[in-house]
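Enquirer: Structure in structure tokens, see below.
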Amino acid sequence: IHLNKLETCCVLVVHILTSLVTDDPHSNFPQMYNLDNVECGNNTETFCEIGFTVVPKQSNSKLWEKISETQNHNFKFRKDRIYRSMCVPRKQENNLNNYVKEKLYTEIKNKTFKVIEVDLFNCKGDYPYLPEDYFLLYCIAGYVTFVLLATYYDYSVRKGDYTLASVGWNKYIVAFSLITSNKKLRKPINNKFYDQLKSIQGIRTYNMMLVISGHSIMNYMTVMVSNPEFLEKIFELASPFFTWGMFLVQPFFLFSGWLIMFYFLENEGKLKLHHFVMAFVYRLLRLWPPLAFSILLHRSRLLLNRFSGAQTFLMELDYKACSGSWWNTFFFMTNYQQPQKMCNIISWYLGADTQNFLAALIVLYVIFKFKLPVLRSLVFTVVVCIITQMWIMYLYDLDVIYRVTPENFLLYNILVRDRKSLFLWYLSPLSNTPSFFLGLIFATIYYRYNNAKIFQKQIVKLLWFVCFAGIPLLSIFLSIYHYDKFTTVFLGSILKPMYSLGIAIGVLGMTQGIGGFIKKICEFRVLQILAQTTYTVYLFHLVLVFDVLLNSTSLVNVTVSKIVYLCAVNVVRCFILGFVLCHFVELPWNNILSIFMKPSSDRKNK
């Protein structure tokens, strides 16, 4: 009898525990992602990517309470938003909304939901190759052949008469040689400033690796997955890491300002208006060849038809944007476009950086024209920019940071739903101006106090390390939390320059020989070489990074090992691609530019 009672109790306990485990409110939610066979019917159906907003039929139910909790949750996907890639009969194209609603109702017939909104992201179109696509392909093939012939010519010259390449038209042919480009890439730069600032190149390379890894992770946050709850758990456990991603471009702005300042400091006292104009023209001519090649690829169907997965939404939008408004990217105004209208969305940074470059030229011209104190004027400019950003944040009621949540990270929401906060806090030139001008400030400090032994005392070295590591970490830590409006406005305007300040202090210390192991790993020779390819890596890495998203034909099961593997593989692939394109596109045209803008050796040093 006692045994029977014990068995009964055990069964009861197991039943209760089982009910607790299986009574997961998520099990009552509609499946977040689902997709049909991407092939569909060849000529009778169209494959469409669609988002739905659903609500329970009983709005006062416990289920609705659970759904409501996820709508503004930092670590959850909205449970009232679901995404489908489905085959739609072509005869239903004029009745698309009703058809996809009915199809969804059939899928969730056992659920008590109703659809209140349908977002049609994209229906796959037919994109047969056009004559201009073949023309571009022939041009690329012809250009590659020319580069290879120039390389062979250069090789022959180097074996025989070494003077031929320096006279007449020979130097223009040799400029396209892979041998010439490779030697330029590997050649040590004999410049005391460059030698002391090697850490900048190392940090740039590491930073580019982090950007690639961040976009690789974003790849999994956007592709249709079978286990979105796993991604939610990752967001919850690794929130500071994702927040860090919002700061990763700041060192690029910092170093961009830092490196351009030397030219003006070395020529202080003899600067005229044409020096500033030519600095801007030189920048455009240096950046345009790879950018133009990127635009040509993105506005052709060669790149678009490379992808055949269920979610080609990103590339089709990109193709349409590049076909219609490529000039925004070519003239560095991408960041002012809505995300879904950006041609090569990654080029927003080039826009913001070039706009800050132009602003810096104007400010520096005024400073040198009227002989204003350089450091105080630059600090004043940074303060004005920060105060202006405070006013914008207060006016638009912005958060302390553009928060990296599952919903904000979802590419559909970035591209389709207009998020003013994304522009005002992240994409706008003003939000990144303080970091750019901090580069000008620290370049001036370095240039003028290079011989001063600032970091000799042990306490100063310790303080240097605390600032180098601590200030960026503090800025990330402070951005995690929520604050009252005035604290939010204050912190939100200084967090990005704070992050850059820590990096700048770190570089300044390493120029004076401190840093030990940190300095050593930032100055590896291979990093110095790879740093010179980061422009092409950045410009072209997106189509490699989002390969999983653009080629997946079924729901993806995400695991930590897959994420780590994808990050590692993408870093290698992207730098290989950047290295190749740097030799074929960027460096040859830079060689030509150097020929016309003598002296070329001085130009490289600067």
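Here the Cβ of each residue, glycine as well, is placed from N, Cα and C on the backbone.
According to TrEMBL, the signal peptide annotation covers 1-23. Feature annotation from TrEMBL assigns transmembrane segment to 134-152, 164-182, 203-221, 241-264, 276-297, 346-368, 375-396, 423-447, 459-478, 498-518, 530-551, 563-585. Annotation comment: TrEMBL describes 198-577 as domain 'Acyltransferase 3'.
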Enquirer: Counting CB pairs under 8 Å, which listed stretch among 134-152, 346-368, 498-518, 563-585 touches the transmembrane segment (203-221) the most?
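Expert: Between the stretches 134-152, 346-368, 498-518, 563-585, 563-585 has the largest tally.
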Enquirer: Against the transmembrane segment (423-447), which of these stretches has the most C-beta pairs under 8 Å: 241-264, 459-478, 498-518, 530-551?
Expert: 241-264
Enquirer: Are there three or more C-beta pairs under 8 angstroms joining the transmembrane segment (459-478) and the transmembrane segment (498-518), sequence spacing 6 or more?
Expert: yes
Enquirer: Is the transmembrane segment (241-264) in contact with the transmembrane segment (346-368), using at least 3 Cβ pairs under 8 Å (sequence separation of 6 or more) as the test?
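Expert: Counting Cβ pairs under 8 Å, at least 3, so yes.
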Enquirer: Give residue numbers and ranges for long-range contacts of the transmembrane segment (241-264): same chain, 6 or more residues beyond its ends, CB-CB under 8 A.
Expert: 193, 197, 200, 203-204, 207, 210-211, 214, 217, 235, 271, 275, 279, 349, 352-353, 356-357, 360, 364, 368, 401-404, 409, 426, 432, 435-440, 442-444, 447, 472, 475-476, 479-480, 495-496, 499-500, 503-504, 507, 606
Enquirer: Six or more residues beyond either end and a Cβ under 8 Å away: which residues meet both conditions relative to the transmembrane segment (459-478)?
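Expert: For the transmembrane segment (459-478), the far contacts come to 240, 243-244, 247, 400, 491, 495-496, 498-499, 501-503, 505-506, 509, 514, 518.
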Enquirer: Suppose you look only at the domain 'Acyltransferase 3' (198-577); what would the mean pLDDT be?
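Expert: Averaging the confidence scores along the domain 'Acyltransferase 3' (198-577) gives 94.
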